[in-house]
Amino acid sequence: MNNIEATLFLCFFCIFSSSNVHFAGAKQTAGNITPSENPFTPKASLIRYWNNHINGDSPKPSFFLSKASPLTAVDSTRFASLASNHALNTHHSDFCSAAKLFCFPELAAHSLEKHGDDVNFAAYSGKNFTNYGSDRLSGADSFKNYSGGDNIAVDSFRRYSRNSAGHDDGFTNYAGEVNVADQSFTTYATGTTGGSGEFTNYNTDANEPNGRFTSYSDKANGRSQTFTTYSENGNTGYQSFTSYSKNGNGAPNEFSGYGTGSNVVNTGFTKYGESANGANDSFTSYGENGNVPVNEFKGYGDGGNGAVYGFKNYRDQSNIGVDSFSSYAKNSNNEKVNFVNYGKSFNLGSDNFTGYGQDNVGGNVSFKTYGQGQSFKVYTKDGVVFARYSNNVSSNGKTVNKWVEEGKFFREAMLKEGTLMQMPDIKDKMPKRTFLPRNIVKNLPFSSSTIGEIWRVFGAGENSSMAGIISSAVSECERPASHGETKRCVGSAEDMIDFATSVLGRGVVVRTTENVVGSKKKVVIGKVNGINGGDVTRAVSCHQSLYPYLLYYCHSVPRVRVYETDLLDPKSLEKINHGVAICHIDTSAWSPSHGAFLALGSGPGQIEVCHWIFENDMTWNIID
């Protein structure tokens, strides 16, 4: 035992020898500490906190205790001291590793070494590509099954194919089915002549796909870029294109099947095609069948000459969605922009065209069969044609709810023994993390006013994916509570206990669905038990937020019914899972565009809506 450990042990011994604390007993199943377990670990501290703040009759569930920090007592004290002195960033890698946090892996430093030969990467991941294909004459580089299926895929491409001639790049099945993707393309194909870049099945079926294309194909001459099935079926995430094809000459770009079937994926195009000559860009089936796709075009095609931009089936058949076109094709010469089947959403979206085609000389803009909800401000009055404006958008029928997974929402009447129903995907898609000890959390910044400090602590560079993830979580936590809602974001198990007991009292129990068996399959409802006698009751529901450490968004739900039920295999009728479902009785404050109403029909306040508690989410209730 070194001097630090000895000092800590004596300090802890003095504190606890004078307090009424018992460390004897059985293993975690009994909610006590084993004789061999250090009584000063974060987990041991959590068990004592539970004993002191929750009535003794309430069971200590293993799934909750398992989320305690794995830090040793010494490390917990050391990192707490660093946090209180604003020096935790100096031990970022050590902290991430010891506390089992979600941190992006550190890529090898950028190298100035040139790679002049053709490369063929298959089943490869975690690479920093610098100067690949630079100054190349012809040849091709191929990336197949790159970063596929990874939990966290972080790749950086810098100066790739820069100043090359006739050089082709192909990305096939790139970062598909990953959990969190962070892909960076900086000065990619800048100053190239000819050649092509092709992205096929890029970030397909990814959770939280994030990509940044900066100065991509800047000053390129005749180089084509194709994005096919890009971020298809992706979940959340942000894709940014900055100065893409800027100052290019005759460089066609094609987006086909971009973001199709995705859920809340944001895309930003800034200075895309600015001052380009003879650009030819087409967006086909862009954001089609998506749920709330958000796209921003800022300074797109500004100052261009002779460009042709085509949008076909753009955001067609999607749910809601938000598009913003600012200074699009402004100050351009002879540019043509065609929108066909634009924004025919099932639920009214929001589209703003500001400074659209303004001062465009000799060009024309046409809208054919475009949806309701568009706003056109300061656009050129000459050369803009509007045809077949459509406002017969309907939110009825199966076509509307195809993006809402079957079984995600259901009616209370389904919770009857013998009912055959579809189970949604209840698997936790987020990276595995743990809570931080409270003595560390209380010393960490967590507000929009200190966002820069948070980025520094967790090594998140400005405009990086991690910076966006952190900002999004903080913003959601600071969002004002809905009418009748009490909410709090918690980063320690003790904080969650405090919030739950402040709403429900000390006699509480916490539940979650037992496992993920039956997920995405048909199941039969077995024995059903209504919590609190099946009466309308109160609950505190806690849902994970993506953040470096385990962060939960907890909120009070005042009028619900909560059920436990056995889930049976449809063929053998054997028990395969024990599910927890919550039914919201009062939905009057919900948005009319909520996925529950698209899936079930009806609207706010007209029906109750039920859903399962997914893996690693939980609900707190008053103990029976």
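Indices start at 1 and increase along the chain as displayed.
Cβ coordinates are placed from backbone N, Cα and C, and glycine is handled just like the others.
Small disclaimer: the values here were computed from a predicted structure and weren't measured.
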Based on what Swiss-Prot says, identify which of N32, N280 is the N-linked glycosylation site one.
N280
Starting from each candidate's C-beta and looking 10 angstroms out, tell me which of the glycosylation sites N280, N463 has the most other C-beta atoms.
N280
Per-residue pLDDT averaged over the domain 'BURP' (409-623), given as an integer:
94
Provide, as an integer number of angstrom, the distance between the C-alpha atoms of N280 (N-linked glycosylation site) and N463 (N-linked glycosylation site).
29
